[in-house]
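Here is the structure we will look at.
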Ligand code: SF4
Ligand code: SF4
Ligand code: SF4
Ligand code: SF4
C-alpha cells in the first residue's frame, strides 16, 4: 500500500507529547507551590486516566497500546490535576477516569468526543470543590502563557478560539474582567482545551466565533452571578458551546467554489 | 500552517556531478501501448526499434544498448498491487554497438502532426503517452501558449534542474525547434525560484531566443499542469495552451535534430537527508543498480518510486525504471504505524492547495459515498499528497482520494456501457416489432396484388364482365396504395429511432397505426379478392390455368423483398462492425436499411407498373 | 378541566407542527412532474444486462414492476449490492439483502463462440438482447465483446454448445489503487510480495 513517505507535520502522538512538554513549567511551579502532595495527585490522576482509557478501548474492542501511546489520556490527567490543585486525590482520580470514560470513550474515542473531557471533568468535580475566594495565581498563569506561546511558535496551537476568547476578555476590561487574566484556569482552558479539534468547529472562522461566544458567555456569567470560580464557569460555557460546534461547522464549512 | 514553511527546501544539484550508471546486467522494458517487433534470442543494436506504438497513447521502445533479447513476457510494474505487464528483458553484450539513425534533415518543414508521430516513433514520452498528444496535433489549431515545465514538482527532486544545468544549450535548441514547428504565440520556460543554478544556466541563453524564462514563486504543487496554466496563461490563452515536461522536450530535440531515440533519463536518487544523487540511467535499468551507483544498498532501505509526496512503495528492487521514474526515494525502514481517527484538527484543509476540505472528503470516500465525495469537489483534488503528509492521525487521505477518483471513473464507464446496452436493447425490440408489422404488410400487399391480377385475368376473357372487373381492379389498387402509404408512414419514425423515450413511443404509436391500416388494407384486399373471385366464378378453369402465369411476377417481387432484407442485414452488419463508436451504429444501420427498402420498393413498384 | 384543555392544546400544537413539516417537506422535494416517469428513472440505474435473472423479461419490465410496487428491489444480481442501494435511495425504501432465491452474483464475463464448432444456426442471434452477435445463416457467428453484456441468454439455445463465458479481460490499464488499509505498514524491499 502507498505510504505517505515524508511527513511534514508531527503525528498525533508527538503533538500530544509536545503539549505535555509545554505544560512542564506549569507543573514545576505547581510542585513548588503545593509540594509532594501535588506529585501524588499527578501520579494517581495519570494512573486512573490510563486505566480508564484502557478499559474504554477494551470495551470498544480497540487495540489498547496504540491508543494509549497517543498520550491523550495522560494529557487529560495532567490538565485536570493542574486545574484542581486543591481537590482530594480520590475525587481527582474519579473525575479524571469518569470524564475519560464518559466523554471520550462513550462517544467513540478521540476525535469523536464532542465534549472535551477536561472541561467535563472539571464540571464533574465542581460540586465538591472547597468554596473559597479565587486567588490570582500569577506565576502559574505566566508559566502557562509561556507554554502556550511555545506551542504557537511550534505551529501546534490552533489559535483562533483562544484569540477570540482573549479579545473578548480584553474588550470587557471596563466591565471588570481583568481579574480573569490572573486565573490560571483561563489560560489552561484557552491553550489546551479550546484548541482541541473535535470539541470546536473546524474552520478558522467557526473557531473565532466559538472563542468569542465562550468569552461573552463566561464574562456575563461571572459578572451577573455570584459564581466565583472562573475555571468552572468557562468549562461550563465551553461544554455548552461544544454542542453548537456541529451547527457552526454546518454554517461555515462549504465545499468551496468549483473550478 | 503555510506550505512554504513546512516543505523541505529545494536544494540545488550544483555541486553534485551527474553520475552515469554502469551498464546493468539486464534491462527490463515495459511494452505498454506498444507491440513487440523483435524475437527472443535476437541480437539487437543500440537504438534499434524493439516495439512499435500500437495505440494513440503508446510510444515506441528502442534498445538502450546492444545485446540479446532474453525474454518477452509479463513483468511486475512499478505500481502497488498492479498486475504484471508485458515487457521484454534485454541482456546487454557490453559492446554498445549503435545503429546510426538519420537526423531529420528537413525538420522545419514538418507539420505538427508529423512531428507528433515522429516523436511517438522515437519513444519520446510526455505526461500521458506521446510528448505531443496525437489528437491535439491532428486538430492543428494555432497554439497561443506553450509552456515548457521545468518546475521540480516534488521535494528532493533535482532531475530537471540537473538536466538544465548540464544540457542548457540542448534544451534551448529543442525549444527553438518546437517553437519553429508548433508556432506558439508565446513560448515560456517555467522554472521555480529555488532552482538557482538552472536559472543561471538559462539566463545567458534566454537573451536572444524566441522563448522567455518565467520564474515561479509559488510553493510545491506549482509544477502541476493546472497550476502552471493558472499562473502563466492569460485569460485569452487559457483554453489554447499546452504544457510539456522539460525532460521530454530535451529528448524531442535529441530525436528530431540528432536522430537519437529516447533511451535514457535523469533520475534523482535521494535519501531525503539533503543527500541526493542525480544519474543518467538507461531506461529499463533495475532500481537496485541505481542504488548501488549512489552507494546505497537496497537491502537496508525502503524504496519509494516517484517522490516524497506522491510516490509509492516499490515492491521489488529489480523493477526497471521507465520514462516517468524521475525520483527514487530511499528511506530507512520505519516501524509499523497505525492510523488514528480524524481529530478534526483542520490542518489538511488549511494546507490543501485546491482549498478542499480533505477531512470531509475522506469521511465520504472511506464510506464509499461517491456522490457526496463529488459534492465535496473530489474532482478538484490534484492528488498532491500534502494533506496526507500533515495529517497528525496519519490517515491514508491521498490513497482514498486516488481510489475514489478511479471508482468514479469506473462507474462512469459502466454507466456508459449500460446506456449503450439499453439503446441497443430498445432498438432491437423496436426492430422485432417493426419486422412483425412489415411481414404482415407484405402479406397484405401480396394478397392485394394477387387479387388485382386475378381480377384482371378474370376480366380479360369475357368482355361483359368488364365493369365489375375494373371495379375490383380499382379496389385492389386502392388497397395496395393504402398498404404502401401505411408502410411509408411506418418508415417515418425509423429515420430517428429510439433516441429518447418519447420519440420511441411516437414510433410505436405510428407502428400501431400502421398495423391498423395494414389490417384495413388486408380486409379491403380480401374483399376485392372475394369480388374478383365472384366475378371470375364463371370462368374457373381459365383462372386456374392463368395462376401459373402469375407466379413469375410474384416471385420477382418476393425476390426483391428478400434482396432488400439481405441488404438490410448486410448494412446492419457492416455498420455494426465498421466503427468502434457503436452508439450511432443502430441509427446508421437503420438508415441504410430504410434506403435499401426504399430501393426495393421502388423496384417492386416499377415491376407492378410493368405488369399493368 | 385545565388538564384536558392543556392536553387538547398540546395535541393541536402537534397537529399543526406536523402539518407545517409535511408541507415544507413537500415543498423541498423536487417537483415530480418535471422528472421522467418513475419506471424510466429506475431503468436508468439498472445495469441493462437484460439477463432476466430478476424474473422479468429484461431490465425495463423489472423497472416497471418496481415502479408499480409489485416486486422487491433485491432481485438483480448484475446490479450487485450497490444497485440495491441505489434502488433503495431512489424508491425511499430500506436496503434489503439479496433475495434468498435470487441467482448468485458473478463477475462480469463476455460470451465467446467457438468458431470451429459454430454451425451458423442463427439461434444465438435471436436470443441476444443487445444484438451483440454477428453472423448469418450457415455462416460462422461471432460475439462483439464490447457490446456483450454477459447475460448468458445465448448459451441455452445453441444446439452444439459452442458458446462459453469468459471473464471480461483485465487489462493492465484496468489496474486500480487498492483499498487503503488503515494500518500503514513499512515497506520491505527485496521481498517480492
Ligand atoms: S491531495 Fe487533494 S485534498 Fe489533499 S491537499 Fe492535495 S489537493 Fe488537497
Ligand atoms: S489533518 Fe487528518 S486529523 Fe486533521 S482534520 Fe485532516 S484528516 Fe482529520
Ligand atoms: S436481473 Fe438482468 S434483466 Fe433483471 S434488472 Fe438485472 S440486469 Fe436487468
Ligand atoms: S452475446 Fe450472449 S451473453 Fe453476450 S449479450 Fe448477447 S446473448 Fe448475452
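Yeah, the Cβs are placed from backbone N, Cα and C, and that goes for glycine too.
Annotations in TrEMBL come from automatic prediction, not curation.
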Self-check item: Given TrEMBL lists C:148, C:151, C:154 for [4Fe-4S] cluster 3, the same-site residue among C:128, C:162
Solution: C:128
Practice problem: Measuring CB to CB from residue C:148 ([4Fe-4S] cluster 3 binding site), give everything in the same chain under 8 Å that is also at least six residues away in sequence. | Solution: C:110, C:111, C:130, C:132
Exercise. Measure from the Cα of residue C:59 ([4Fe-4S] cluster 1 binding site) to the Cα of every one of the binding-site residues C:118, C:128, C:154, C:158, then give the nearest.
Key: C:128
Quiz item: Excluding the flanking five residues on each side, which residues at least 6 beyond the ends of the domain '4Fe-4S ferredoxin-type' (C:109-138) place their CB within less than 8 Å of a CB in that stretch?
Solution: 50, 58, 144-145, 147-168
Practice problem: May I ask for the residues of the chain that lie six or more residues beyond the domain '4Fe-4S ferredoxin-type' (C:139-168) and have a Cβ under 8 Å from a Cβ within it? | Solution: 47-52, 78, 107-133
Quiz item: Which are the residues of the chain, C:128, C:148, C:151, C:154 excluded, whose CB is within 8 A of where the CB atoms of the [4Fe-4S] cluster 3 site average out, their centroid?
Solution: C:111, C:124, C:127, C:129, C:130, C:132, C:133, C:143, C:149, C:150, C:152, C:153
Self-check item: DSSP three-state assignment (helix, strand or coil) for residue C:54 ([4Fe-4S] cluster 1 binding site)
Solution: coil
Quiz item: Out of C:51, C:59, which has the highest number of nearby Cβ atoms, where nearby means within 10 Å of its Cβ, if these are the binding-site residues?
Solution: C:59
Practice problem: Between residue C:76 ([4Fe-4S] cluster 1 binding site) and residue C:151 ([4Fe-4S] cluster 3 binding site), find the distance joining the two CA atoms and give it rounded to the nearest Å. | Solution: 12
Practice problem: Compute the C-alpha separation of residue C:121 ([4Fe-4S] cluster 2 binding site) from residue C:154 ([4Fe-4S] cluster 3 binding site), stating it in Å without decimals. | Solution: 12
Practice problem: Select the closest residue to residue C:128 ([4Fe-4S] cluster 3 binding site) from the following binding-site residues, measuring between CA atoms: C:51, C:54, C:118. | Solution: C:51
Quiz item: Which of the binding-site residues C:54, C:59, C:76, C:124, C:128, C:154 have a Cβ less than 6 Å from any atom of ligand 2?
Solution: none
